[in-house]
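Encoded as structure tokens, the structure appears first; notes follow it.
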């Protein structure tokens, strides 16, 4: 389990694939606390190679930023000993979180996808082995069809109250949502397109962090 994890600005990588390494580094330089390497569809070998590149670039840009692998516990386990990889984010159909913890060790960061109250309650059974949950979608999103109804701002307070671990909002989240989402009690914003398509990903990440922090100080 990670003692210090900054979830305020959490980049989930996506298209365009050729920009992933540069955008990840820029977001890290702007204060993104987490970068999740996700690039679907992608082969395991290509994901591994991409993760190594992202990890090196992020470490150079901001050593405090944590780098996670999407879904593939095996890739995370293979890379963690020698690269700047810190854990994994797993979905409902991926490896059981307890097994992931056994494989990755006590210091790894493990996140789990949720998005409904029953899923949050189920995730609480893993509160001793996961570090946070992702909850969404906030809005309908073209990057991932979860089959779940959008939560909107009104959907998060109940999930935050029910969860035994920090909650990260995801699903067409943008910088301008930071203050409103912070008010719901979430620990941070997971952003895909907003950062990936930003003209200045560093400035975008800085904006998310500052707006989220200012809202929590009110």
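Even glycines carry a Cβ here, placed using N, Cα and C.
The feature 4-amino-2-methyl-5-(diphosphooxymethyl)pyrimidine binding site is assigned by Swiss-Prot to 36, 37, 38, 39, 40, 70, 113, 144. Here Swiss-Prot flags 71, 94 as Mg(2+) binding site.
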Listed in sequence order, residues with CB under 8 A of residue 38 (4-amino-2-methyl-5-(diphosphooxymethyl)pyrimidine binding site) and six or more positions away:
12, 13, 14, 70, 71, 89
Take the Cβ of residue 113 (4-amino-2-methyl-5-(diphosphooxymethyl)pyrimidine binding site) and count every other Cβ within 10 Å, whichever protein chain it belongs to.
23
Distance, residue 94 (Mg(2+) binding site) to residue 36 (4-amino-2-methyl-5-(diphosphooxymethyl)pyrimidine binding site) (CA atoms, angstrom):
16
Here are some binding-site residues: 36, 39. Which one has the most Cβ atoms within 10 Å of its Cβ?
36
Can you tell me how far the Cα of residue 40 (4-amino-2-methyl-5-(diphosphooxymethyl)pyrimidine binding site) sits from the Cα of residue 94 (Mg(2+) binding site), in Å?
15
Under 8 Å by Cβ from residue 37 (4-amino-2-methyl-5-(diphosphooxymethyl)pyrimidine binding site), counting only residues of that chain that are 6 or more apart:
13, 20, 24, 47, 50, 51, 54, 67, 68, 69, 70
